[in-house]
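Let me begin by presenting the structure, written as structure tokens, before commenting on it.
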């Protein structure tokens, strides 16, 4: 495992043990996960800020952390600026339309709605199968991507990192339920934010400041304005971002199980919409 200093091992171990400790703490605190509502829905009294951070981290996986910089480096800043427009629309769709629609139903699983709407348990089961299959495929990719990057940077084999991350994540979830997941996400969001800020500072210092960073980006042709072309063959356009991001992220934040389970556990519609 060339490239790893003892301090790197220490940080890696601390990160894993801290996540596991959160699960252990919530397994033996409060109602000690004795009821289904406590384990799955945290008794529907989650706080707003931790829930928001958990939602953000749930969808800002290593795929985006690794993929977005590569996308901007290869194709310019239009992707980053354009995604903000579509993402803003998606949040408004979820907050104004989808959350007020789903929250009053007091669902534990979003697939319950299918049975309520169509009076058919078979429809619910089929929907759940597709949803779980998609989640499994996503989780596999989300674990593989950082493991691959870790192997390239440090030499730590994916045969080691993948089982470790999988076992730790499964353990703290099984022990502490929804509360453990929420607070582990809060902890991980702090780690991710600190890492991103550190990389930004280091990068700007290397080139002489943020203005120089943008100067070099312009020289290399990586800073673009918005394209309003309606040609579907063009890779990046404002209209493409508005449609793709608003529909994709609107669904994720408003109707996906990961989101509905969290905002349904906040206790009130006002908190859920926040």
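Just so you know, glycine gets a Cβ as well, placed from its N, Cα and C.
Annotations in TrEMBL come from automatic prediction, not curation.
Quick look at what TrEMBL annotates:
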- 6-28: transmembrane segment (TRANSMEM)
- 48-68: transmembrane segment (TRANSMEM)
- 80-103: transmembrane segment (TRANSMEM)
- 123-144: transmembrane segment (TRANSMEM)
- 156-175: transmembrane segment (TRANSMEM)
- 182-201: transmembrane segment (TRANSMEM)
- 236-255: transmembrane segment (TRANSMEM)
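Within the same chain, the transmembrane segment (6-28) packs against the transmembrane segment (182-201): three or more Cβ pairs sit under 8 Å, each pair at least 6 residues apart.
Contact between the transmembrane segment (236-255) and the transmembrane segment (123-144) is not supported: fewer than 3 Cβ pairs lie under 8 Å, counting only residues 6 or more apart in sequence. When the stretches 48-68, 80-103, 123-144, 182-201 are ranked by Cβ pairs under 8 Å to the transmembrane segment (156-175), first place goes to 123-144.
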